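Report on one structure; see the data block that follows.
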Amino acid sequence: MDDSRNKDATSSSTCFSHFCSSALRAKTLKSSSSANNSSDGLIRRLGVFDLILLGVGASIGAGIFVVTGTVARDAGPGVTISFILAGASCVLNALCYAELASRFPAIVGGAYMYAYTAFNEITAFLVFMQLMLDYHIGAASIARSLASYVATIFELIPALKGNIPPWVGHGGQEFFGGTLSINILAPILLAVLTVILCLGVGESSAVNSFMTAAKVVIVIFVIIVGSFKVDVDNWSPFAPNGVKHIFTGATVVFFAYVGFDAVANSAEESKRPQRDLPIGILGSLLVCVVLYVGVCLVITGMVPYNLLGEDAPLSEAFTSKGLKYVSILISIGAVAGLTTTLLVGLYVQMECFSEQSRLYLGLGRDGLLPSIFAKVHPIRHTPIHSQIWVGIIAAVLGGLFNVHILSHILSVGSLTGYSVVAACVVTLRWKNNTGNRVSSKCISTWCEGVLCIFLVACCGFAAGVLYRFGTHFIFMIVAVVIAIMACAALCFRQAYSDPPGFSCPWVPIVPSVCIFFNIFLFAQLHYEAWIRFIILSIVSVGIYAFYGQYHANPCSDETIIYHMAPEEDRH
């Protein structure tokens, strides 16, 4: 009996020890000229203009054509400030992304690969799961709005006008008090776009470039025409439900800026990644901020905020002003905009994380997901199994839930993932990074730095919660002061090296501010988003514990080697 108990205790101890050792594995990066020599790699065909179009194509659509109406119903004309706040946060995030994309330019990977390199395996897997669900939900909500705009175009045919049932185009057939909202056109559109992506990046890039250019021209035209129909009385009150709803709105529209993430994930297809990636990231982001603010000012000035539609707010606003021709043009632009956003959004979900692979493909090769995700089509060089899987998940969500439900659980992965990326910038700048992890002192220099970063994040969350529940401002000041002290410790207690290529300014101050503000916004999310974060984190740890840790494919020295750009591609 005692022997049996001892064996069980030993077995439990062994399992926990194995889990810890596996979870704490980290990647190392070694310079190699073999990064592009493999015959099954992706072709470097994207220039700086292509990268800017890629970023704009991923962003313009979700923000302008989808969430504007949803957020404006809560924030009022203050939705403009929501977009500015989210844009300001994304500028800081973009600086961090630009440095890491320039530092590791020959491969794609984004937050997953950066976290795996700077921290460990379990952190990278958690970041992957949160970001992927954000991408799936984003693709589903965009598909629902795309279906509504497509239905608007179909209604130009006299025989179809007013005869398209809700379960096909506009809205959906609701069940269980609106919890479920059935729509069949959204999954069909996702299936078509998934097929386009399976054909290869060349074909989808051509479609993206054409449609992105078309929708930007239409959006600018809409801003110019709509400005003549603005009634400034509609901007008062500017924040009808209070400033808190503006911050909550900022967390929702945050997802509208994730296009710069797509640029960072296109490193392996960039002609001159170390120079072009930072330009593509910051350039696409600035274009999006200007267009978003312009559209928000126009749409909330044309129509009272409480009368804006949720599925097709722009076209409905112009229709209400008697500008039917502009409404039709908007619907065409929305179809182009949402199509390119879906193309890039679905494309990003399977972007490369390992050499010559895409995100799901990368995790399949790393062993953290089943090996079926590691298969690439021998001719098209696309991960067809991953593409189909992503299309199925997005189609199920898009076919069952409406935009309102989906928008409440958006941005969780983006805010947490971008915070981790900012932390990666700091940790990868530390001199003697690996050596500092082990120390004879009570706490190593590396662990001390990580604790300071974690303290900044905790203070950001505390300040956000205190603000949300209206506590006395002195408590928020205490949280800010503690965060400043932690940032000061990062400045003076760590030694930093200069990275190759683009350098994020004022490290560690900019990344620390980025982390604080991201987590502050995280605290303003809808309660459903908090529940989603907790449940998915638990599920992710379970998947890793029962599958990932046993099937991961580390090298003999328990590190996985990823190649940096060869010397000729760094200029």
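Every residue gets a Cβ built from N, Cα and C, even glycine.
Database features, via TrEMBL:
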type	residues	note
TRANSMEM	46-67	transmembrane segment
TRANSMEM	79-100	transmembrane segment
TRANSMEM	106-129	transmembrane segment
TRANSMEM	180-201	transmembrane segment
TRANSMEM	242-260	transmembrane segment
TRANSMEM	281-305	transmembrane segment
TRANSMEM	325-348	transmembrane segment
TRANSMEM	388-406	transmembrane segment
TRANSMEM	442-467	transmembrane segment
TRANSMEM	473-492	transmembrane segment
DOMAIN	502-551	domain 'Cationic amino acid transporter C-terminal'
TRANSMEM	504-523	transmembrane segment
TRANSMEM	529-547	transmembrane segment
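Only residues 6 or more beyond the boundaries of the transmembrane segment (79-100), in the same chain, are considered here, and those with a CB under 8 A from a CB of the stretch are 63, 68, 71-72, 110, 114, 239, 246-247, 249-254, 256-257, 260-261, 264, 277-278, 281-282, 285, 288-289, 292-293, 296-297, 300, 305, 418, 421-422, 424-425, 428, 499, 501-505, 510-511, 513-514, 517-518, 521. Residues of the same chain lying 6 or more positions beyond the ends of the transmembrane segment (442-467) and with a Cβ under 8 Å from any Cβ of it are 244, 247, 419, 423, 426-427, 430, 433, 436, 475-476, 479-480, 482-483, 486-487, 489-490, 493-494, 512, 515-524. Contact check: the transmembrane segment (388-406) against the transmembrane segment (180-201) gives at least three Cβ pairs closer than 8 Å, residues 6 or more apart, which meets the contact criterion.
Restricting the average to the domain 'Cationic amino acid transporter C-terminal' (502-551) gives a pLDDT of 92. Within the same chain, the transmembrane segment (242-260) stays apart from the transmembrane segment (180-201): fewer than three Cβ pairs sit under 8 Å, each pair at least 6 residues apart.
Packing against the transmembrane segment (281-305) from elsewhere in the chain are residues 48, 51-56, 59-60, 63-64, 68-69, 72-73, 75-77, 79-80, 83-84, 87, 90-91, 94-95, 97-98, 101, 216, 219-220, 222-223, 226-227, 229-232, 234-235, 240, 253, 256-257, 259-260, 263-264, 313-314, 316-318, 320-321: each is 6 or more residues past its ends and has a CB under 8 Å from a CB in it.
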